[in-house]
């Protein structure tokens with residue numbers, strides 16, 4: 001089965017024709033924190049570009065920061081005094097936290113760093129800079145010249161939606177007052193380069209379209225941008241792709257005003273966190289950022305989450321127990337890719353998903369420390385990172401001979417597992433080793449079984465987890481002790497709970513003398 005990104009890439013080539021270079025675009029308004037839902041737009045453009053590159057084409061991936069949009073409302077996490085900046089470009093609103101040159105830069109810079117950590121190369125462009133240096137001047141003038149046609153297109157869709165037509169004094173652009181920097185209404189155009197405006201403060205004047213103070217309205221700005229950069233593909237959320245929305249009007253405006261065809265698009269669905277209700281909003285502050293995911297996920301897994309889901313399918317990221325399954329799934333796909341494990345089903349699609357979720361694929365399988373087991377080991381106070389690596393090698397989870405890349409990856413996973421246990425793990429997964437044996441009633445046959453296990457461990461200089469597991473089952477079976485009674489007693493003895501991690505692996509990870517003493521109720 002063909003991966004969805006390859007399917008889209010093939011469709012772009014068919015519909016846009018053979019080119020030496022294709023342009024893919026994504027874009028976001030930095031009105032608040034750029035969250036994992038926003039990232040889906042950039043990643044969808046990126047992965048389709050990746051597929052085009054793999055077919056031998058040059059690709060330019062533009063990510064447009066719409067930082068020349070108005071500051072529309074004061075978010076909850078911003079001081080109410082910021083209402084005085086409403087109507088100004090977000091790129092000119094001061095940073096409330098005082099660490100960046102502007103409100104917009106505060107959010108853009110963080111997201112750009114997060115994207116870089118994923119190894120994704122993208123060309124970030126800033127609408128404020130493009131407008132201010134006059135790069136769009138010719139296209140803005142064309143929009144003024146085609147005002148009547150644009151109104152006709154927009155009114156056609158407004159009528160279908162049973163909305164009133166645009167007023168006769170509507171213009172396809174707005175002005176930022178050079179004096180107050182607030183949005184001003186246009187009241188006249190001289191037919192050339194000058195526009196007359198009136199700002200909310202009552203100030204009137206003329207500005208030159210080439211001065212950078214005139215900005216196209218969204219439904220005109222978007223198709224103008226497609227034409228200016230010759231965009232071949234840009235994904236969009238379903239609000240932009242609904243019937244009569246900005247994509248529909250944009251398709252007609254780009255053709256009527258700029259004489260070009262609209263790029264191909266693809267609708268992407270919502271991204272949320274399992275268990276959280278409602279839609280994330282960067283301006284409301286109820287968001288999960290890429291940097292939040294980096295606290296518990298390797299970069300490859302973040303990319304994998306988005307690569308394996310078709311864009312029209314909703315993603316619910318499970319940061320609870322489902323995260324352990326995600327690591328298991330990713331590790332399995334990675335092993336299949338490197339031929340270490342056989343696969344059932346469509347092997348090629350699995351391999352392609354792995355390829356597309358990695359900008360730079362290693363030349364061999366880097367050691368995979370099982371995250372599920374790491375979540376146990378990081379809770380053992382006697383084990384530091386080196387101790388954990390020793391347990392992993394002794395129990396055969398990773399090779400005994402480790403290279404630098406292997407050790408780096410294992411150490412990263414150890415840190416991620418610690419973070420997961422602290423922040424997201426349910427109580428059923430958490431435990432602590434009891435410093436002293438608890439005072440619990442233990443049946444005589446269970447005591448005998450405990451002593452037999454203690455003697456067996458004492459007699460061995462080394463042993464495998466499987467050997468210990470067999471002993472644990474045998475000593476209970478020959479005494480007629482039920483598995484439930486036997487295992488719950490041992491868990492209570494070590495962690496004070498009736499359930500816990502896989503017992504043999506757990507006991508084998510503890511200090512041998514400590515296990516023997518505890519089984520004898522000595523300490």
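Cβ atoms are placed via backbone N, Cα and C, with glycine included.
Per Swiss-Prot, these features apply:
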MOTIF     30-38  motif ''HIGH' region'
BINDING   95, 99, 100, 106  Zn(2+) 1 binding site
BINDING   177, 180, 199, 203  Zn(2+) 2 binding site
MOTIF     279-283  motif ''KMSKS' region'
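On the structure: features taken from Swiss-Prot.
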residue	record	CB count, 10 Å
95	Zn(2+) 1 binding site	15
99	Zn(2+) 1 binding site	9
100	Zn(2+) 1 binding site	16
106	Zn(2+) 1 binding site	21
177	Zn(2+) 2 binding site	21
180	Zn(2+) 2 binding site	15
199	Zn(2+) 2 binding site	20
203	Zn(2+) 2 binding site	14
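The two recorded residues, residue 95 (Zn(2+) 1 binding site) and residue 180 (Zn(2+) 2 binding site), have Cα atoms 18 Å apart. A straight line from the CA of residue 203 (Zn(2+) 2 binding site) to the CA of residue 100 (Zn(2+) 1 binding site) spans 30 Å.
Looking at residue 177 (Zn(2+) 2 binding site) and residue 100 (Zn(2+) 1 binding site), their Cα atoms lie 24 Å from each other. Of the chain residues outside the Zn(2+) 2 site list 177, 180, 199, 203, 178, 179, 181, 182, 184, 197, 200, 201, 202, 205 have their Cβ within 8 Å of the site's Cβ mean position. Across the motif ''HIGH' region' (30-38), DSSP helix (H, G, I), strand (E, B) and coil residues number 3 helix, 0 strand, 6 coil. Shown in sequence order, 96, 97, 98, 101, 102, 103, 105, 109 are the same-chain residues outside 95, 99, 100, 106 whose Cβ sits within 8 Å of the Cβ centre of the Zn(2+) 1 site.
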